[in-house]
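**Q** Please see the structure below; I have some questions.
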Amino acid sequence: MKSIIKHILFVVLLISIIHDSQCRWFILKNRLSHFINRISELKEQDSREAKLYKSFDIDCGKNFLKVQQNSKMLVNEEEELVFKVASSLKCSSEDAAFKFYFDEIIRPKLKKGLSCFELHLQQQEPDSKLIKNAIITKAEVEKCKKQSPIDDLKEVENGLEDVIGPLDVFSCGAVTSVDDYVLFVTKSVLIKFGESSEAVKKVEMEKLKEYLKDIAFTTAECIFKRFETDPKGTWFIFVGYVARF
């Protein structure tokens, strides 16, 4: 399960160790332009990487690039990666990028802990339609108390907080606590494997898509602003993709 959680935390991309460097915008602009052009090529292919970018809006990406071109924030490859991730999320207007998340990251093994995710959502949002038909036995409750994927999620995410500090500060309020992240993964798993209707899953998935985009882009902007005031600092960014059904 821990290995699965680590894969989920691909959703949580870490960018670290920002080295001393002067702004090299024109070099980066060429690389970022190449990145956008490369996506155009990938959209015509059927590779694993192409699946991630099938939904990328090229015009949106070019406009996002223009917004950053007079900035002193993009100073090296780490910041460049922030741009790529943020623009990919901001400019993905369809569902392919979100489908990639579950197809490539969340594996069916998570289904083994489904009752624990149902129990967690029942405790956090008892009126959620995702658990309307869920039946959790006493035996399952006891099993979840002893060993739950929720505990693994909290353990890994708490370790991340030990490194980057409080999530609410790091993300400029986009995420208020580890519990927000755990709740997001919980809903994602129940949308993928739960027993609720397809209509309910569709509505809940749209909510998660917007939630993830808001988190990713708000956090990216937060990181960009930090680069302006503390370009020598060590920073991280977490982003992720959610599937479509």
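Quick reminder: no glycine exception, Cβ is built from N, Cα and C everywhere.
Below, the features straight out of Swiss-Prot:
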type    : residues : note
MOD_RES : Ser33    : phosphoserine
MOD_RES : Ser40    : phosphoserine
MOD_RES : Ser92    : phosphoserine
MOD_RES : Ser93    : phosphoserine
MOD_RES : Ser115   : phosphoserine
SIGNAL  : 1-16     : signal peptide
**Q** Among the modified residues Ser40, Ser115, point out the residue whose Cβ has the most other Cβ atoms within 10 Å, with all shown protein chains included in the count.
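**A** Its Cβ has the most other Cβ atoms within 10 Å: Ser115.
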**Q** To the nearest Å, how far is the Cα of Ser115 (phosphoserine) from the Cα of Ser40 (phosphoserine)?
**A** 42
